[in-house]
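The block underneath contains the structure these notes are about, expressed in structure tokens.
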Amino acid sequence: MRKTKIVCTIGPASESEEMLEKLIKAGMNVARLNFSHGDQAEHKARIDTIRKVSKRLGKTVAILLDTKGPEIRTHNMKDGLIELEKGSEVTVSMTEVEGTPEKFSVTYENLINDVEEGSYILLDDGLIELQVKSIDKANGEVLCDVLNTGELKNKKGVNLPGVKVSLPGITDKDADDINFGISEGVDFIAASFVRRPSDVLDIRKLLEAKQNKNISIIPKIENQEGIDNIKEILEVSDGLMVARGDMGVEIPPESVPMVQKDLIRQCNKLGKPVITATQMLDSMQRNPRATRAEASDVANAIYDGTDAVMLSGETAAGQYPEEAVKTMRNIAVSAEAAQDYKKLLSDRTKLVETSLVNAIGVSVAHTALNLNVKAIVAATESGSTARTISKYRPQSDIIAVTPNAETARQCALVWGIFPVVKEGRKTTDALLNNAVATAVETERVQNGDLIIITAGVPTGEKGTTNMMKLHLVGDELAKGQGIGRSSVVGKTLVVKDASELEGKDLSESIIVTSSVDETLVPYIENAIGLITEENGITSPSAIIGLEKGIPTVVGVENATSEIQSDVLITVDANQGKIFEGYANVL
């Protein structure tokens, strides 16, 4: 199972039912709606289509609303474009004017109070660089030197690297879009241009005003101020997006890789999901294959510890949206296969602080590694059980069984979790049986697999994860008293006396009989297992099993009548149990 989650931006290239079905089948876990483009009616139609297709496919797909944020842009230029020449001077006005090579204006009138002489102003993703020469507050104008030649078009982005701006945390448009998202039941809000904790709390207040506790807030870190305040921001957030686009303009590009690693590490420490975004497979907007550098970029983000990787223009407006998702999926699977999960668990155990909450998670992860369990099945109301286990990055699949669709969608962003919605159970036994049955239904486990079940007891209460149980999936045919500590898999041979065994090849047979006498001993020596109805550690069956080192189970009631010949079974002498088919016993 792929563990790294894939976030896809939905736009004109991917909004159709046909293409959304392809993206979901290719591996999309979260659909991102970019509210910097389009109106609410367009996004409403996309939300409806995403839900329709995901329901039809029986797949869990979460929806992430990405706000436009308090960005700064230029106003319009004369004839739509002006050219700024290196070495010339240009005035940036706080009052809207039609842009010329001598003067243009910006949408943020308080810029004049935030910059100082020597500050840099970057235009159009940093393609044009200006340096503040003088400030005329009386006339609301900032005179700048043009440091490189370039064309400036309408409504281009403006960045102020190293400048603490006094922009609001969210704009009126953001608030309106967030309220729209609440009414539509989106799962995540990605907050653009977050600089300080108060920016996140402004959104939290909007959610609380609507009594909404289900939507998670994912701040996007895109500037130096956000980087500087990251610890405080994470304290009030539910996750993080490493938005490398504007970040690479606001800080030196060579600093981005190390900042990415640090931001991911801090999220890993707290067990909060982190998305790595921007230009991951950028060339696939135009080409059907990714570059080698892009493949390395995606893989290294996974090695850094990201929960999810994101596609932007590749799926929103690119020519090859399906191919981009498949490429992302294949890179993730390949990178995950190369992970040293033993070292990863050791590193995570040191990184994540010890607490009662984390105790069950680390115990489950260590047990899963040591016993090579097939899957970890977490019965969870809120998703916290599965998320706690995910912190430790177990190699085993994490199957989160929850009665809440909202919880399942929240888990869609978290590394390694495969969420399944299933009606809850009131008793512990029913809870465990339901968890096992659901795991089998996913086809990620099958009869004979060893799994770990974890849950909270009593059932139905949030935050009570306190139980871990090893469970062998499969039908238990019978049980008795085990002789020895080994196990064996083979075909049954039910016999009444030694005459039935003459001339038979017993090298792969498990003999099933009522009792053992001296005529059977020579044949038992050539068999690989023994099951008998006679009781006791001192019975002939037990003695021959011990002497010959053959996995043996004695005291199995009605063994000769209830077990058929030529049936593949597993004899677990350690537990005294007999399973149908192959079972991965300890």
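Every residue gets a Cβ built from N, Cα and C, even glycine.
Together with Asn34, Phe35, Ser36, His37, Arg73, the ATP site in Swiss-Prot holds one more listed residue from Lys156, Lys164, Lys205, which is Lys156. When Swiss-Prot records Arg32, Gly245, Asp246 as binding substrate, the matching candidate from Thr67, Thr74, Thr276, Thr278 it lists for that site is Thr278. Proximity to Phe35 (ATP binding site), defined by a C-alpha to C-alpha distance within 10 angstroms, is shown by the following binding-site residues from Asp66, Thr67, Glu222: Asp66, Thr67. Over all protein chains present, the Cβ of Thr67 (K(+) binding site) has 25 other Cβ atoms lying within 10 Å. The binding-site residues considered are Asp66, Glu222, Asp246; of these, Asp246 has the fewest other C-beta atoms within 10 angstroms of its C-beta. Between the CA atoms of Arg32 (substrate binding site) and Asp66 (K(+) binding site) there is a gap of 7 Å, rounded to the nearest whole number.
The C-beta environment of Asn34 (ATP binding site), restricted to residues of the same chain at least 6 apart in sequence and closer than 8 Å, consists of Thr9, Gly11, Asp66, Ser312, Ala316.
The DSSP secondary structure for His37 (ATP binding site) is coil. Within the group of recorded positions (Arg73, Lys156, Lys220), the Cβ with the highest number of other Cβ atoms inside 10 Å belongs to Lys220. When the binding-site residues Arg32, His37 are compared by the number of other C-beta atoms lying within 10 angstroms of their own C-beta, His37 comes out lowest.
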